[in-house]
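Listed in TrEMBL:
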type: REGION; residues: 1-43; note: region 'Disordered'
type: COMPBIAS; residues: 16-43; note: compositional bias 'Basic and acidic residues'
type: DOMAIN; residues: 46-163; note: domain 'Phosphotransferase system enzyme I N-terminal'
type: DOMAIN; residues: 202-274; note: domain 'PEP-utilising enzyme mobile'
type: ACT_SITE; residues: 238; note: active site, tele-phosphohistidine intermediate
type: DOMAIN; residues: 300-596; note: domain 'PEP-utilising enzyme C-terminal'
type: BINDING; residues: 345, 381, 509, 510, 520; note: phosphoenolpyruvate binding site
type: BINDING; residues: 486, 510; note: Mg(2+) binding site
type: ACT_SITE; residues: 557; note: active site, proton donor
Ligand code: PEP
Ligand code: MG
């Protein structure tokens, strides 16, 4: 049995130039663990693919000793001392986070951008936060020891966050995890329990753990660690986001992994497929090596694509733009070679604050984006509050809103803005104030009726006049006002809406949800959520044709746009602008560059003749294999 790391072969990873790294020679302070249920033979464990890439190397397990913090009460006389203990733990935690932050400089830029805001959020929670206020109160009023008070308060806050009806469940879980993470740090410091040490991880090793916190991930050195695999964790957590940002091939959520592996076991990890092969046989090892080489080749090819145009083989240009959720993504957009921002979701401006961002604050935020994008187009979508999103200022009555019993069908998107026109006015004014700094367009969310667009345009023109009267210099032609086509109502009234709009952006995420009556975030019905359903495609086709008849620009900015396999169909339907998650751009570009528009148009006609969703899937997934011609 290979439980001695000296027997394991050298680690390999497909990140960056292919390289065979020497494993470190230092011995870990902990002896190799012989886990129960371990098999000596090859074993394949499937998990959640969170960061693509292939890694081959010896396993290095780093499961953390849990903090011993039994529930404990105190006497009234101990309250002051207990509060002091908590203060000391807070000070120590701040110091540790400060060190972590100082270390960020050595990480790749992408990782720094991911980590810095998270560490800042942790530090904020060590200030006058609800967590600490609540914990201090519990020490005093419930006579609890500091660690018990911190644990109880963190769980109470996490439960509150998770009870929120926001449809971004992954986002809620992330926020709850942030609170738990800082409580965990405080508890370890209060109980003097050592943190997991990642210092001894040999170069080229694959880190194996039950769970990895985002702070642990921040300590990983991507030039030393070949891959990461854990028992717990999901694709949308901060840890996953960071591993992606660090470019470390990773598979999380591998049930039973730590039970089955022993330090030094050879591992082949595929972060794209979500597989972890323990103790691979010669065949699996060979397959891993081939995948490793193929991944490195693919990476190099995609990197070269950055500077190449998105043009089909017959010379048709396609515009590939990025969707932006927070300004921190701006450098990624540049790296991906995006031709502008096709969808700037402005919800970030309204989140995590107790008041509304005023015109000035919004002006600054838009100016930052426009300046970064130079002359590239930027499409700013005005607030799309879903009635249940966590925007405290809106839900706490500063701008009274009522989501109604069915928030997705209630006062959402443009409906809210027309009901509270001061919100729309401030946003229009802020965009207009910076319009001369770049190439900006404005997009209206969740429209169903041409009269809504008309009303919004009246407000828009009124705001422009007011600004002009005040002496604000505006471009001669006001930025265009476009409409999201994301409800069946808008799609089927697209010909009428087109007369009121300057451009369309098809939001396939909501269009599929509203067409199929399937909540896009509801796991129980997710099998029915299908943007390739003929009903969705027919609505899209109707809207696209309405726009093209008027020679009006039309793009797709839902998740569909970032899936390379759907590109032939979208181009065939007449779309020439796609806006997507920046990281999807290279692969989509690669697909565009392999296509002929005539083929795409013929293919789309064939797909649109079908009414069976299953058949459409077969055709779309089979494109390029000849199956589409059968
Ligand atoms: C959509 O609905 O497809 C869309 C792009 O908007 P969002 O995902 O922000 O609702
Ligand atoms: Mg939408």
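Cβ atoms here come from the backbone N, Cα and C positions, even for glycine.
Any TrEMBL annotation is an automated prediction that lacks curation.
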Out of 345, 381, 486, 510, 520, 557, which recorded positions lie by ligand 2, with a C-beta less than 6 Å from some atom of it? 486, 510
Considering the binding-site residues 345, 381, 520, which residue's Cβ sits among the greatest number of other Cβ atoms within 10 Å? 381
Going by DSSP, give the three-state secondary structure for residue 510 (phosphoenolpyruvate binding site). helix
C-beta crowding around residue 557 (active site, proton donor), within 10 angstroms: 29
Do you know which of the binding-site residues 486, 510 has the most other C-beta atoms within 10 angstroms of its C-beta? 486
Model confidence for the domain 'PEP-utilising enzyme C-terminal' (300-596), as mean pLDDT, reads 90
Could you check which of these binding-site residues, 345, 381, 509, 510, 520, sit within 10 Å of the residue listed as 'active site, proton donor', going Cα to Cα? 509
Filter the recorded positions 381, 520, 557 down to those with CB closer than 6 A to an atom of ligand 1; keep them in sequence order. 557
Based on Cα distances to residue 486 (Mg(2+) binding site), point out the closest of the binding-site residues 345, 509, 510. 510
